[in-house]
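Report on the following structure.
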Amino acid sequence: QLQNKILILTICAAGIGGTFQYGYNISIINAPASYIQVFMNTTWLERMGVPLESNMVLLLWSFTVSAYPLGGLTGAVVAGPMAIMLGRKMSLLLNNGFVIIAAALSGFSRMAKSFEMIMLSRFFTGVNAGVSMNIQPMYLAESAPKKLRGAVALTSASFTALGLVLGQVVGLRELLGGEESWPFLLASNVVPALIQLTALPWFPESPRYLLIDRGDKESCISALQKLRGTSDLSAELEEMLAEQAAVKGQRAKNPWELFQNPALRWQLVSIVVLSSAMQLCGNDSMYFYAAYVFQEAGIPEDKIPYVVIGTGSCELITSVTCNMIIDYAGRRPLLLGGYIFMAGWAIVFMVALSQQTQISWMPYLSMACIFAYILSFGIGPAGVTGVLPTEVFDQMSRPAAYMICGSLLWFNLFLVGTAFPFIVKSLAHFCYIPFLVVCVCTALYVWFFLPETKGKSFLEISEEFRKRNFKTKTRGGFYKGPEEIKTTTL
């Protein structure tokens, strides 16, 4: 069907230069890590005449790695104003400028004998990912029909997983992961950016943005006709006009205004809890452990990168599966199931790690846990978390909500990246206890406080939260639970 074709092509055009870049740029930095550290040392030696001490090389490398989440945080903060002033589509297009600058910096870094260019390049790459992680789900969910909204917005997670796997593949020694080719590997992120710059201009802007933010009904109808391939849009247009009437006279809100507004209390608590849990649940730390566990299981060292690709593929398979079932299963069951399973696997993983040297088959159990943990994360939390801010906030609050979500996501990524080595050092085999606590508390929060949003219009969801927000005034003790859970998760 033509309407589905245009919608699918819009999803692909937005995804390839959007959240695909987030996954791709997280994984391409792993393969050349040792070569870049050698490059830092030799560059310093040429400049100063003395080599760097090993802990200084490590410090410079950690600066390079942490420049990415720092850029992501910056991108998340600028994404809100960009989405309001430039529109969703134009923001995604201009966002490619950051990647083009980053690719030029990293591509010429060896020629210029400057490791500072790599650090700066990682910062700009982070800015690009921070913007796209916020604007792409917003753009797609606002462009999708109600019955497909979850599946369409969730493609953001599928593109992240696809980027992760392709980054691992391109980073193999046989491709661009060798000692001679690492500048090309770091600059290869310019290709998806150029694809998006060529493809996305042909597709329409978000109809909701055109009508509610711009007040341009003609362009909205034209965009809807392109996306739906039909001229019978009366029901959908009526729903949008009702939403436009509900926010009439309001302007786009700032993040701090969301915290001050009692009518948005539960929506805000929900996205704070879930966005924080997404990074604090320990999924990314599983990748940290993967190589060690695979080595213990007796996999030859030169074959480990190929097995690690399997872990990325797990996330891709589950996010695509989640895509297919989200509008049937609903948001709550997927989130709840994901966190409950992750809590269970965290316990098994810690037991397996503690018995790794005593029992011969334990490394294989640890290996199974890594795959199972990543599968559980992919089936629910990975995708559903990004869909919720679009569904639980109205058009005027949505960009600010994504700014809060994105800032939390990147801050917690930085926090976990910094703290995890120390957690491993102090808790050893039981390093997953903090993650286990986060998974259990988040599952409890979802069970008790998060309403289902499947198949409901944005106004129906707002009404459901409105009842919840103003019921708390008559029942004083009702709010204590989530506040407690919120602090545990953060």
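Note: Cβ is positioned from N, Cα and C throughout, glycine not excepted.
From the options 7-24, 277-294, the stretch TrEMBL describes as transmembrane segment is 7-24. Under 8 Å from some Cβ of the transmembrane segment (151-170) lie the Cβ atoms of residues 7, 11, 15-16, 18-28, 30, 133, 136-137, 140-141, 143-144, 176-177, 185, 188, 192, 305, 308-309, 312-313, 315-316, 319-320, 322-324, 326-327, 378, 382-384, 386-387, 390, all in the same chain and six or more residues away from its ends. Non-local neighbours of the transmembrane segment (58-80) in the same chain are 25-26, 29, 33, 36-37, 40, 52, 91, 98, 115, 118-120, 122-135, 255, 399-400, 402-403, 405-407, 409-411, 413-414, 417-418; each lies 6+ residues outside the stretch with a CB under 8 Å from one of its CB atoms. Most Cβ pairs within less than 8 Å of the transmembrane segment (365-388), among stretches 7-24, 118-139, 182-203, 400-424, belong to 118-139.
Residues belonging to the domain 'Major facilitator superfamily (MFS) profile' (11-454) score a mean pLDDT of 88 in the model. Taking residue pairs at least 6 apart in sequence, the transmembrane segment (92-112) and the transmembrane segment (400-424) share fewer than three C-beta contacts under 8 angstroms.
Per-stretch counts of Cβ pairs under 8 Å to the transmembrane segment (430-450) identify 334-353 as the leading one among 7-24, 118-139, 182-203, 334-353.
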